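Per Swiss-Prot, the features are:
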- 75: active site (ACT_SITE)
- 171: N-linked glycosylation site (CARBOHYD)
- 195: N-linked glycosylation site (CARBOHYD)
- 310: N-linked glycosylation site (CARBOHYD)
- 347: N-linked glycosylation site (CARBOHYD)
- 568: N-linked glycosylation site (CARBOHYD)
- 1-40: signal peptide (SIGNAL)
């Protein structure tokens, strides 16, 4: 039946209908189950967490993404710009390649590309963080003085009682901020009536002229909650009478982020900026699904209430920064270039045994600049401009027609480590397939799973075959498929790892997908992919939809990797322009 559904279009429709009930049932039971959007960051492997790497394997290790020299990393923490340096703290296991022994590792950079690792900034050492120093944020106070707030664990697993602590630099004149002090009056925020084992990840604070305010993520049964706290001096905090926002059937909210966005233009705003036309973004990382969701809405500063716009779906069906392997993200305002920058973590999709063997696990994705789409409904994301410093050999293609079933290789670049940016066009929208209304009840990845890159369509599938072997035994397709409904077009974007590796066992190879809110009246759409050995970060329609995949090819590695442009729709596709660059490694990557 599966083979028939995959190859026969009419059977596909039947299979979709038969799966609707199953999908609904699966969701009901998924609230407390990890469905591996990203694997749990706090999953414990006691027998592995202190197994230090002897040899670091380079196969599948990224060439230009942020990684420590070895071992495990997860959440980005407290990013900021201070005295000419970008600072990134991150959850790190100095003793092994799985989660455990977590400290706040610390790296600095002048350009967000080249990084120098310093000594860990925060590590368990006092009663208020004896059993762990978990995620948090940085705030720059008046006078340019940074302060970190983080979650401390005060009882051992499985209880993991959580409190909120602060730390300050030992020397404000040190631009490297090499040493941090944890004052003895910690913790400064304790759970009272809140769930103390689900109470973590304080946000960057904002100032309303009288009070500093932060959010702490939590839950009450299946309701996700953003608790709000106020302080006049950043030391004594009082919980507000009501949360800033909450939502039923979403489970634990962790790694919250809350910040303003300008209604027009691409510049970012300081976290404390408010105004009549200013929109706000609330992002939550859902522990139950391992995906992140955000809404765009209005912040009532006087009453400390956030209300998502009517056009912004609140909950598990809402907008995501990234529809793939992307979690625990954190933004910060860069005052040097007046932009808001997004950091996100991508975990591995292989086995824990693989991670221990190769000696490392986890990467931080390329930082992205964020701004509000002119339509006001969603964010646009784009790799920071500094990534262009790593571009090498360039190849250009233009006015190239792709007929049904054709694929063309992009030659002349290192396909295992490349930046590929293309604009596609088509003469007509008439051949777009009809979108069955019942499919709206399915997640986009279900549609992608059944209607993949090899299933003949009308307008699409078309896009890239990344990290591909010469004979296509392995490849990770990133592509669009255009559907039509009675009143509009619906664009599906996919990054499908099912054929990414001939390795049969131990790998998680899912299809990831999201819909693209884009105007196709000019019959054009763009696609950009950052390819780096075991990661493919893709940006559809100039960053309106983003998808990250982690893949582990067995054949398509190093010089045996290829990248193709393909079309498997009946409508001919034109490559208006395509530029591809070989990507060099940074000169400095955490002392590696």
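Placement of Cβ uses the backbone N, Cα and C atoms for every residue, glycine included.
Overlay of Swiss-Prot feature records on the structure.
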| residue | record | CB count, 10 Å |
| --- | --- | --- |
| 75 | active site | 27 |
| 171 | N-linked glycosylation site | 12 |
| 195 | N-linked glycosylation site | 14 |
| 310 | N-linked glycosylation site | 8 |
| 347 | N-linked glycosylation site | 26 |
| 568 | N-linked glycosylation site | 23 |
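Of all the glycosylation sites given, namely 171, 195, 568, none has its Cα within 10 Å of the Cα of residue 75 (active site). Under the three-state DSSP scheme, the residue listed as 'active site' falls in the strand class. Closest by Cα distance to residue 195 (N-linked glycosylation site), from the glycosylation sites 171, 310, 347, 568, is 347.
With residue 171 (N-linked glycosylation site) as the anchor, the candidate glycosylation sites are 310, 347, 568, and the one with the nearest CA is 347.
Spacing of residue 568 (N-linked glycosylation site) relative to residue 347 (N-linked glycosylation site) is 31 Å (Cα to Cα, whole number). Between residue 347 (N-linked glycosylation site) and residue 310 (N-linked glycosylation site), the C-alpha separation comes to 33 Å.
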